[in-house]
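Features as listed in Swiss-Prot:
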type    : residues                                                                                              : note
BINDING : SER8, PHE9, HIS16, GLY87, LEU88, ARG89, GLU97, HIS122, SER123, PHE124, LEU125, SER126, SER127, SER128 : ATP binding site
BINDING : SER8, LYS40, THR72, ARG86                                                                             : substrate binding site
SITE    : HIS16                                                                                                 : site 'Transition state stabilizer'
Amino acid sequence: MRALYPGSFDPLTNGHMDLIERAVSLFGEVVVAVLSNPSKRPAFSVDERIEQIRTATCHLSGVEVISFDGLTVNCAVTHRADLILRGLRAMSDFEYELQIAHTNRSLADDLETVFMATTARHSFLSSSVVKEVARFGGSIDHMVPPEVAKDLNRLFNSAFPSS
């Protein structure tokens, strides 16, 4: 099976990585689809995020990393995905994701959405939390892959040089 895992991944977290690794084991192939959303101001460009994900997943066979804009269902159809994969950290995630899953199903009735719960050790992680911790000089080494930590530290150290 081929799963599409869409998201902004700004930045990729260890929670994302855990989901990707588990999904490869379950489904065989995972297309990580990096959303290009011009209305948001990401910390990293789409190309930088793609490179971060490719570097972090290079030990996994069956992972493809792409960018997309527009509807997730169109991306899933274009890339021959059998399902859309979504991670859940809390009940509030489920309520939002279920609404999106129903919308996607109304647009492509043969496309399933599969929800995977995050592992407990990653349940607090979000890209926003990681950026906030990095912005104020906190340790993010346990939150993101090493190459992403380097990129974030470089980004925020250059944005806020010490006096």
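Note: Cβ is positioned from N, Cα and C throughout, glycine not excepted.
Residue annotation for ATP gives SER8, PHE9, HIS16, GLY87, LEU88, ARG89, GLU97, HIS122, SER123, PHE124, LEU125, SER126, SER127, SER128. The furthest Cα pair among them is separated by 18 Å.
Cβ neighbour count for GLU97 (ATP binding site): 16 (other Cβ atoms within 10 Å of its Cβ, all protein chains included).
Note: the CA-CA distance between THR72 (substrate binding site) and SER8 (ATP binding site) rounds to 12 Å. Cα-Cα distance from ARG86 (substrate binding site) to GLU97 (ATP binding site): 8 Å (rounded to the nearest whole number). Between GLU97 (ATP binding site) and LYS40 (substrate binding site), the C-alpha separation comes to 20 Å.
Ranked by how many other Cβ atoms sit within 10 Å of their Cβ, the binding-site residues HIS16, LYS40, ARG86 place LYS40 at the bottom.
Cβ-based crowding with a 10 Å cutoff singles out THR72 as the top-ranked of the binding-site residues SER8, THR72, SER123. In sequence order, SER8, PHE9, ASP10, PRO11, THR13 are the residues of the chain that are 6 or more apart from SER127 (ATP binding site) and have a CB within less than 8 Å of its CB.
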